[in-house]
Amino acid sequence: FKGDDTCEYLLSSGRFLGEKVWQPHSCMMHKYKNSEAKNCLIDKHIAFIGDSRIRQLFYSFIKLINPQVKEEGNKHGNIPFEDKSASIKVDFLWYPEVNGSMRQRIKSWTEAATAKPHIIVAGAATWSIKIHNGSNEALTQYKINITSIAPLLEKLAKSSDVYWVLQDPVYEDILSESRKMITNEKIDAYNEAAVRILNSSSRNSKAKVKVFSVSKLIAQETIMKSSDGLHLPESSRETNAMILMNVYCNKILKPIDGSCCQPRPPLTLIQKLAFCFFTLSFIGYLIINLIHRNNYRKNKPCTDLENGEEKKPAISTPTTSTLEMLLHSFCKLGLIMTYFYLCDRANLFMKENKFYTHSSFFIPIIYILVLGVFYTENTKETKVLNREQTDEWKGWMQLVILIYHISGASTFLPVYMHIRVLVAAYLFQTGYGHFSYFWIKGDFGVYRVCQVLFRLNFLVVVLCIVMDRPYQFYYFVPLVTVWFMIIYVTLAIWPQIVQKKANGNCFWHFGLLLKLICLLAFIFFLSYSQGAFEKIFSFWPLSKCFELNGNVYEWWFRWKLDRYVVFHGMLFAFIYLALQKRQVLSEGKGDPLFSTRVSNVLLFISVASFLTYSVWASSCKNKTDCNELHPSVSVVQILAFILIRNIPGYVRSVYSSFFAWFGKISLELFICQYHIWLAADTKGILVLIPGYPMLNVMVSTFIFVCVAHEISQITNDLAQIVVPKDNPTLLKRLLCMAGFFSGLLLFSAIQDQSRH
């Protein structure tokens, strides 16, 4: 740990992921778009001063601002560039040697009354080696010249960003005869002199000239692709220009996936209050624990010295109180949240960019599937979508989604489309599970609603506070929460139709179908009325929950992407429970779900449908077009999977306990991955052990899974305390929670005002 400043890593170290993707050591590099570059460099003046290699870097840099720029004009002269729309001025100044002319130009900036360049990029040496035929006298003169320039550069560094670019190695085998004297040995000697002399007199870290040495590492890997052995290939120059852009712009624009050179964000008022709350919980728990230990010692049985028998105390050891359980849970949660903060906010641990390869996605998939099959057990019941089976389904889907995220597989469209089906399957289970509960139990009480909402939202609310992120950032939880409320309202409004009532009169089945048709019409209307949707969720305080980056478009996109699948889950549950009630299905152990002929036909259709969807998804060429079709067709593969999994009796009678274990904590796994397995809000990968990728994944995964499991237990414990079954007590708790969220909104408004 070298402090908050990761610029040193960005400028000096890194490695290639694949052939073209550069990974700085310990931090993430953002890929800047033209609009972002202009926004960062608006009203800025940048100067590149040096030889032909600096000229190449100059061209790559201005192409980040305007990709249409062509490399033309006088190669051995000054080249101006200006973007009038953003008032950006970038100049290349031809000074191929570190000599009196270069010194005079730099000195003019230090003495000028006009504004100095905001960024200065300098470097030269190969011409000195070439002109003087690699003589030692030239090296000595270079040291003298750079010694005279160094104080001027350091003076400029007090008000500007100054970079000295070290010389890249050459590919000696293909150098022309006129450049044969430029050897890597000579280049290393010149670089060593520059590093030793620059900043030798500077004690103020803010006035240091930044040494751009990372270009050497990039050149070592790519110089073999050079056309002349001296100049870098275009991809390497683009990487160097992107590094320069990250060094300067990350601290200004603060991109989520650009952790290099970003300072640690200051603690917000809400974060400070959360820290105080967890600290007080810890102190309170210690005090209560010490009191209980002291009482236990006082009441400990003592031995009667006369007859050797134990005398039992009159007072028995007190049981764990509700307050103690509450404080104990908050203590554990506080420690866990500290780990979250250190991983993804404190710049303590390293972060790296994702890099997708087919092997990084498919090999772990095969590995976990083998593990899942290995842990096969018999189910307690053999009904369709029984509890063990749904836990197993959630578990393997969650593991696949986790591998998808850490491998960066979203860049591969066929994988992306299949993962979209898995997310849809989660929502399908939401529709199926909640509909089944309300239909069978007929329990529309406040206790049930509060229990579900608490279990879904507790972790996300805590993370919004601790990690300073909006609720919509954890998009899946708002999605399942809203759909749960839609299911509840649809079934709870008059007339309340449940299975017990419908069994007495078939007319109620038609009434329920009418409700479902109205729900479908409502979904259809909202999906094609973006304006109405945005108006509904733009009202305060709903806007505080569903806005991201100042608008609700992201929420609209997420909702629309799987808009029909919850309805499909509800409809499937209704049809399945109706068939089950009429004993159409054979759900005995080892029995096929239907008659042999019907089962075989349905199984064939299901397999064909499953494969047809996979072929279609794999042939997708455009993500936008495929996303448009996805809401209507995703149910095909979901239903096909359910039938394949449940029609054969033996397959329905077994489940994977390995997958089911993960399924029980699937929600916590999905949310926790944002900060303690991935990094930079899912944009990168958390690095606890640098230099050992496999070991790092193993260690971070172990901690991540343990934390998710612990949070699941904490949530269950707190749900019993915070949401009691007693209605009067529950009402009081609801009033307390209303006060808590009102305070949260107030502090959030104060925070927003202070930021502006």
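Using the three backbone atoms N, Cα and C, a Cβ is placed for every residue, glycine included.
Here is what TrEMBL records for this protein:
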DOMAIN    22-92  domain 'NXPE C-terminal'
DOMAIN    254-734  domain 'Cas1p 10 TM acyl transferase'
TRANSMEM  273-291  transmembrane segment
TRANSMEM  355-375  transmembrane segment
TRANSMEM  395-416  transmembrane segment
TRANSMEM  423-440  transmembrane segment
TRANSMEM  446-466  transmembrane segment
TRANSMEM  473-495  transmembrane segment
TRANSMEM  507-528  transmembrane segment
TRANSMEM  561-579  transmembrane segment
TRANSMEM  599-617  transmembrane segment
TRANSMEM  659-680  transmembrane segment
TRANSMEM  692-711  transmembrane segment
TRANSMEM  731-750  transmembrane segment
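In terms of DSSP secondary structure, the domain 'NXPE C-terminal' (22-92) contains 22 helix, 19 strand, 30 coil. Over the domain 'NXPE C-terminal' (22-92), the average per-residue pLDDT in this prediction is 93.
Taking Cβ pairs closer than 8 Å, the transmembrane segment (273-291) reaches residues 267, 321, 323-324, 327-328, 330-331, 333-334, 337-338, 465-466, 747 in its own chain, all 6 or more past its ends. When Cβ-Cβ distances below 8 Å are used as the criterion, the transmembrane segment (423-440) is approached by residues 385, 390, 393-394, 397, 401, 448, 452, 476, 479-480, 483-484, 487-488, 491-492, 498-499, 562, 565-570, 572-574, 577, 630, 634-635, 638, 641, 666 of the same chain, each at least six residues removed from its ends.
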